[in-house]
């Protein structure tokens, strides 16, 4: 049986025989042909993908030479099994901080573009239920095309997971529609200021519905949020009750979405989960859109919009607003998976600052001094709350690890 170990000492001791090998006739010095193997199941040694024969098998070594050389691999040889190749390091792996920054920039950029284009559509086509359906429909088509080409590969869904995702999708649909009703009724900056109250509703739901103990420091950090939103609401020039109440319902809906999401934790990747939620939410949103806005749309809605901007622009605006809506949500999910909870929290706060600031600049919304101060206080409160909550979560994680 062939030996499986080639002793380094044997090889080193045979080095003086190099000159002897050099003087041997070519016919006697030639080594037997050695074939390169992708894998070796029994006998032989692999060095950089070449199989070496033990010294007992070499006719040259019988003449006193014990130096072994690997033969060149054949053209069809496969070195992958014998040599552990170092995978090339890509740009994203080499510069993780820069990559994360790029993800955040893309998330903010898509979010700002969506909010601006969305509000421009409402200025000439004030039908938020229908536009909400378009947002989800474009996203669903995008997901179906992605599944078709295998980017990503569709993850199968069973009845149990479907039952868990339906409540999440219903809350997502309600929160999405009411957000758009608010966007159509009031200034974008005001809607986002009211939606800054979402952490307050999350804390309340955790305390009184889930029975979780919320530290007093978290409750105190929410006081500036409530005060700031109240100040901004009292002097908001575009204020109306429809916009305010719709934004509040959106906060409650997204809070319940978070609760149901915790119950629907699964190993499925976030891209597939969001795709299934979008499909279910679309089915939920279609009936109210047809009932509430359908007759008016067929009578005057579509014709008025086409008369104002033209058919091509109208259709392209609806397509792109849906595309930006889906992409910003998907990139947000992918971004937040890359970072720690504290970075996640800061990112959410900065996103809202970006959207409020750009919407004021683009649309030239006039805001009173009190509204500006109230918005700033609310954003600062959200930042404080997010920081404290992230610290608490990190302490819990370290305690579990210990």
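Cβ atoms are placed via backbone N, Cα and C, with glycine included.
As annotated by Swiss-Prot, topological domain 'Chloroplast intermembrane' applies to 73-96 (among others).
What Swiss-Prot records for 118-129 (among others) is topological domain 'Lumenal', and it gives sequence analysis as the kind of evidence. Residues of the same chain lying 6 or more positions beyond the ends of the topological domain 'Lumenal' (118-129) and with a Cβ under 8 Å from any Cβ of it are 177, 180-181, 183-184, 188, 285, 288-289, 292-293, 296-297, 301, 304-305, 308-309, 314, 317-318, 321, 325, 359, 363.
Look at Swiss-Prot and you will find 151-207 (among others) tagged as topological domain 'Chloroplast intermembrane'.
The DSSP breakdown of the topological domain 'Lumenal' (229-272), given as helix, strand and coil counts, is 32 helix, 0 strand, 12 coil. Marked as topological domain 'Lumenal' by Swiss-Prot: 229-272 (among others).
DSSP labels the residues of the topological domain 'Chloroplast intermembrane' (293-370) in these numbers: 67 helix, 0 strand, 11 coil. Positions annotated as topological domain 'Chloroplast intermembrane' by Swiss-Prot: 293-370 (among others).
The DSSP breakdown of the topological domain 'Lumenal' (392-402) into helical (H, G, I), extended (E, B) and coil residues amounts to 10 helix, 0 strand, 1 coil. Per Swiss-Prot, the feature topological domain 'Lumenal' maps to 392-402 (among others); the stated evidence is sequence analysis.
Annotated transit peptide per Swiss-Prot: 1-72, in sequence order, evidence recorded as experimental evidence.
Within the chain, the transmembrane segment (97-117) has long-range Cβ neighbours (under 8 A, six or more residues past its boundaries) at 91, 183, 188, 317, 320-321, 324-325, 327-328, 331-332, 334-335, 338-339, 343, 347, 350-351, 354-355, 358-359, 362-363. If you look up Swiss-Prot, you'll see 97-117 (among others) marked as transmembrane segment.
Look at Swiss-Prot and you will find 130-150 (among others) tagged as transmembrane segment, backed by sequence analysis.
Marked as transmembrane segment by Swiss-Prot on the basis of sequence analysis: 208-228 (among others).
Residues of the same chain lying 6 or more positions beyond the ends of the transmembrane segment (273-292) and with a Cβ under 8 Å from any Cβ of it are 129-130, 132-133, 136-137, 139-140, 143, 146-147, 154, 157, 162, 165-166, 168-170, 172-174, 176-177, 266, 326, 329-330, 333. Per Swiss-Prot, the feature transmembrane segment maps to 273-292 (among others).
Taken from Swiss-Prot, the feature transmembrane segment applies to 371-391 (among others).
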